[in-house]
Structures are given as structure tokens and as C-alpha cells.
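S.K.: A single structure is presented below for examination.
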Amino acid sequence: MHPEEPVRPTPADGQGSGLPGCHRHPERETGVGCTRCGRPICPECMVPASVGFQCPDCVRGEAAQQARQRPRTTAGALVALGDGALVTKVLIGINLLVFLLTEYVDQVWQIRLGMGSGADAFGTRIGVAAGPAEWYRLVSGMFVHAGVMHILMNMFSLWVLGPQLERVLGRWRFLALYLLSGVAGNAFGYLLDGADMFSVGASGAIFGLLGATAVLFRVNRVPMQPVIALLVVNLVLTFTLNNIDWRAHLGGLVAGVAIGAGMMYAPRGRRSLVQGLALGGAVAAILLMLLIGTARLPG
């Protein structure tokens, strides 16, 4: 008769299988470990990797490390992985949609969105000169265009200038540059013309992009002749052709140069502060022009 062997515990005995528990879900036994840290992971926590599986913690840590290691541009934006022109495309799309709305759906939207001052069909005063409640036109007027050639020229310029600046500045800085340049151009027109102003289009914003492009060329030590020639040609056309609001063009250009310089010349250690001051200074200048323009209106 052979001596009895000791009975080994089995899962049915309630002793477990001997496998470790998932480090995120200890009650779940698993035989798979993370290929990076080695900790056990259950099927829910398995993230497929090139070899085996990784745990969610290692995947998040790797993504954060890659983001930190990605190179940055002159203005501090992460180098874009794609074409880096999302905001440019969205702005072009909005301009085209507003053009279709104002030209082919109902032209009354030109009055509702445009910068012009005057009175509506009921005699109510409208336009920026009517007061702060109408100041939304400083933005909306940038998306209203007078005819097919007007919008085609502006959108072509936006497509040429926008992607490069958007990649350098990043999406939000680029959007701020575009909007503030356009608003500054409209505010400058209001400062000089007051209740008599009438202006539509993205030209102020486009001139702002042109000014910022000149700053970018200067910072990167790119020969300035092409951008200077383009500036001169556009300024000559601005001051010689009829039905062109030179005030919006000039105001947008100055704003673009100032904002672009603040963003691209900002020292690395104080980049956020200097860029914030540049944007804040632009907003303050716009408000000052609006207040002075309003104060000069005839009683």
C-alpha cells in the first residue's frame, strides 16, 4: 500500500489558480504582463503594441513623453504632424458659407452682418456707430464680401499665407492673429470715418497675415525682397483703386506686424507672458479706437 500523497489545492477548492491579479483590477487573474513595465494586465487593460501588450499607464506616459519631445516652432507651437492648416480651411469654409448666405439666400444678411452704418427699414439706427450692442459687426463684417472677385481674391490670399503661419504659430495663436488683425482694421476705419464708414471683407485680416509673414521672414533670416515687393504692390493698389478701404488694410497690417512680432520674438523663458501681452495690447488698442471713435460722433 502506497503512502497517501498530499492533496494539492485546486481552483474548485477556492484557493485560486496561482496566477497574479491585474494591477488595475486585482480580482482578475491573468498570465499576461505589460511589455514595458512587466505588471500583470487583464484583457480589459491590454493595449496592443508592436510586441505584445502594454498597460494604459505606460501608453499614456509614452504619449506624454512624445509630446514633450516633439520640436517646437519659433512661436512655441508644437510642430504639426499633418498639413497644419485646419484653421485656415475652416476660415475659408466660413467665408464661403457667409458669401452664399448673403449673395444667394437673402441679401438682408449683408445689412445684418456688414460694417455699414445707417438705418434699417424701420428707421432704427444700425452699424458700429449705434453703440456697443452693434460692435459684433467688427467681427461679422470680416466674413461679408462684395462680389465673387472680392471673395476669390481674399480666399486665395488666405490659402497662400495661412498654412505657413498656422504651422508656425499654432492653431489658437493663428486664429487670434487673424481675428484681431481684421477687427483692428475695422476699428481703425471706425476711428477715422465714424458713422460714415462702410466696409466689408477679410482684407484687414489678410493684411495682418501679410504683416506677420514679413515678421516671420525677418526672424528666420529669409530674404525679405519677395514679401516687401508683395506689400508694396498691395499698398499701391490699396491707395489707388476705388472702392477699397485703405483704413482697414492699413490697420490690419499694423496689427499683424505688432502681434506677429510679439509672438515670434518672445523669449523662450517668458513666451506665454510676452505673447499674452501682445494679444492684450491689441485688444486694448481696439477698445481705445472704438471709444475715441464713439466720442467723436456728432451729437
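Each residue, glycine too, has its Cβ placed from N, Cα and C.
The following feature annotations were taken from TrEMBL:
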| type | residues | note |
| --- | --- | --- |
| REGION | 1-25 | region 'Disordered' |
| TRANSMEM | 75-101 | transmembrane segment |
| DOMAIN | 133-264 | domain 'Peptidase S54 rhomboid' |
| TRANSMEM | 142-162 | transmembrane segment |
| TRANSMEM | 174-192 | transmembrane segment |
| TRANSMEM | 198-217 | transmembrane segment |
| TRANSMEM | 224-242 | transmembrane segment |
| TRANSMEM | 248-266 | transmembrane segment |
| TRANSMEM | 273-293 | transmembrane segment |
S.K.: In the same chain, who gets a Cβ under 8 Å from the transmembrane segment (75-101) while lying at least 6 residues past its ends?
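M.R.: For the transmembrane segment (75-101), the far contacts come to 67, 109, 113, 143-145, 151, 154-155, 158-159, 162-163, 166-171, 173-175, 178, 202, 263-264, 266, 268, 271-272, 275.
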S.K.: Can you tell me which parts of the same chain pack against the transmembrane segment (198-217), counting only residues 6+ beyond its ends and a CB-CB cutoff under 8 A?
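M.R.: Residues packing against the transmembrane segment (198-217) from afar: 74, 95, 110, 114-117, 141-146, 150-151, 154-155, 157-158, 161-162, 164-165, 168-169, 177-186, 189, 223-224, 227-228, 230-231, 234, 244-245, 247-257, 259-261, 263-265.
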S.K.: Do you know the DSSP helix, strand and coil residue counts for the domain 'Peptidase S54 rhomboid' (133-264)?
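M.R.: The counts are 109 helix, 0 strand, 23 coil.
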S.K.: Compute the average pLDDT of the predicted model within the domain 'Peptidase S54 rhomboid' (133-264).
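M.R.: For the domain 'Peptidase S54 rhomboid' (133-264), the model's average pLDDT rounds to 90.
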